[in-house]
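A.B. asks: Got a structure here, written out as structure tokens. Questions coming.
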Amino acid sequence: MTVIQRPAAGLAAVREAALSVVAIAVIIASTDIRIPVGLPGHRGLVWLTVLVAVALVTPRRGAVLAVGAASSIASLPMHGLGDPLWSGRYVAAAALLYAAGSLPVVWRRRWLLALAAAPIHLVALASSLFSWHAGSGMSAWASNGMLERAGWHLVFGCVAGLLAWVVALGLDRAASASTAGLFSDRSRYEERPL
């Protein structure tokens, strides 16, 4: 018996591409925004949330690498072409998310990827520590309050991971609700032989 099925793969590909483009736009827009919170790592709430959401929602793990690389390249002129490490935090965090996502335990429990955002956010601290902006005063800058800075980066990384988990749940719920009537409503669409 031959059954006609409607492909849902096209919608998933469009959703993945749209989410990647929106993620790049949000990361680039947040690069130039200065939020006067005064706590180290608070800007990671935006860019890390978006990166983790891409890693959680997209079926292909390489999408997060593409978003991180495109964001790093696009933000390079904003940070200054003389310091590539400053904008390299996006591709470094994306590479760590990609590596964490490849672990078999994370495949079975996707929420672990949201928790992995906390230590991954330390990439931002390392990129600013080893940045060429630090210059000769790096040793004095690194020794003063470094543990406190690392703690705030871990806190904001954990919050970013939890926010990304909420975003991913919302996107998955919206996708399943919008396709439920089209593809899985058995009362309206019965399987009929050709």
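Keep in mind that glycine also has a Cβ here, set from the backbone N, Cα and C atoms.
Below, the features straight out of TrEMBL:
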type: TRANSMEM; residues: 12-33; note: transmembrane segment
type: TRANSMEM; residues: 45-70; note: transmembrane segment
type: TRANSMEM; residues: 90-107; note: transmembrane segment
type: TRANSMEM; residues: 112-132; note: transmembrane segment
type: TRANSMEM; residues: 152-171; note: transmembrane segment
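Surface or core, plus neighbours and distances: that's what I need for these features.
C.D. replies: For the transmembrane segment (12-33), the list of distant contacts is 43, 46-47, 50-51, 53-54, 57-60, 63, 66-67, 70-71, 74-75, 78-79, 87, 90, 171, 175: same-chain residues at least six beyond its ends, Cβ to Cβ under 8 Å.
For the transmembrane segment (90-107), the residues of the chain that approach it from at least six positions outside its boundaries are 27, 47-48, 51-52, 55, 61-62, 64-65, 67-69, 71-72, 75, 113, 116-117, 120-121, 123-124, 127, judged by C-beta separation under 8 angstroms.
Below 8 angstroms of C-beta separation, residues 15, 19, 39-42, 44-45, 48-53, 55-57, 110-111, 113-122, 124-125 of the same chain, each at least six residues beyond the ends of the transmembrane segment (152-171), sit close to that stretch.
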